[in-house]
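J.: Structure in structure tokens, see below.
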């Protein structure tokens with residue numbers, strides 16, 4: 001064979017990059033981001049698409065979902081898989097095979113059981129284990145394992161919400177947030193607790209709920225010995241140590257560590273009392289005031305004196321009583 005006709009074999013990473021250039025990456029990271037599946041959709045016109053639109057990852061920007069981490073699942077070339085399925089169904093004689101072979105994924109993650117068809121996808125996935133976050137936000141100090149995650153995050157700075165709900169007027173930063181929101185309209189609750197039967201709209205909500213059964217409290221305060229089942233509760237608690245009060249009343253100069261506290265305070269200005277007692281006509285500005293009031297109907301006395309046998313329906317009544325012991 002003449003040396004002029006010889007072409008060296010392409011490296012697998014070069015083949016992978018060529019393959020990726022022909023794809024429209026639509027990566028969907030589901031909530032609780034702890035066990036999320038990602039799919040890659042092929043598009044023959046992707047060469048005309050801007051580079052920053054090659055990936056799209058759905059994340060949740062709400063504080064309640066901050067404990068969820070980005071995780072990349074198996075990346076599958078769906079166009080190739082579709083072709084391989086149609087080819088494998090037919091034998092050389094044109095007859096259909098009884099079994100369709102699974103896609104070959106020779107690249108195994110050394111940290112978990114996941115495997116990938118291309119080496120570049122494996123390297124991208126391994127960032128989850130190594131903690132590498134090469135994509136830095138230009139507006140703040142946050143960094144991400146994937147470009148798509150960064151793009152979604154940047155919308156929190158620009159306030160761009162390109163995803164519109166077809167049932168209401170709500171808009172969202174990511175398609176994942178939109179999908180989760182739509183379950184409110186459809187009443188779909190696909191995540192069921194195996195311990196009590198409760199079902200949830202989001203996987204993250206189920207995982208947080210399961211901690212009520214296991215008693216797990218993985219979040220430790222850096223300033224004291226308190227531990228919490230949810231990251232959002234830890235962050236809220238740590239504000240009391242740091243003196244942070246990020247929520248300011250729009251009517252006066254008061255500020256609060258919690259959003260709910262600010263909302264309750266604002267009802268003092270507006271006079272709003274949205275909580276109604278079902279047994280009488282009284283109305284209250286907060287749910288805890290309503291709960292305290294309902295004990296007057298039920299006769300429940302939760303607050304027990306540590307010095308004697310008396311108990312009370314309200315904490316304030318107990319405090320006043322205890323002063324009779326202390327003088």
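Quick reminder: no glycine exception, Cβ is built from N, Cα and C everywhere.
All annotation found in TrEMBL is predicted automatically rather than curated by experts.
Residues annotated as compositional bias 'Basic and acidic residues' in TrEMBL: 37-57. Taken from TrEMBL, the feature compositional bias 'Acidic residues' applies to 63-72. Sequence annotations record features per position, and here TrEMBL assigns domain 'C2H2-type' to 107-134, 135-162, 163-190, 191-218, 219-246, 247-274, 275-302, 303-327. What TrEMBL lists as region 'Disordered' is 33-106.
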J.: With DSSP as the reference, give the number of residues of the domain 'C2H2-type' (107-134) in helix, strand and coil.
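T.: Tallying H, G and I as helix, E and B as strand, the rest coil: 12 helix, 4 strand, 12 coil.
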J.: Within the domain 'C2H2-type' (107-134) only, compute the mean pLDDT.
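T.: The average pLDDT of the model in the domain 'C2H2-type' (107-134) works out to 90.
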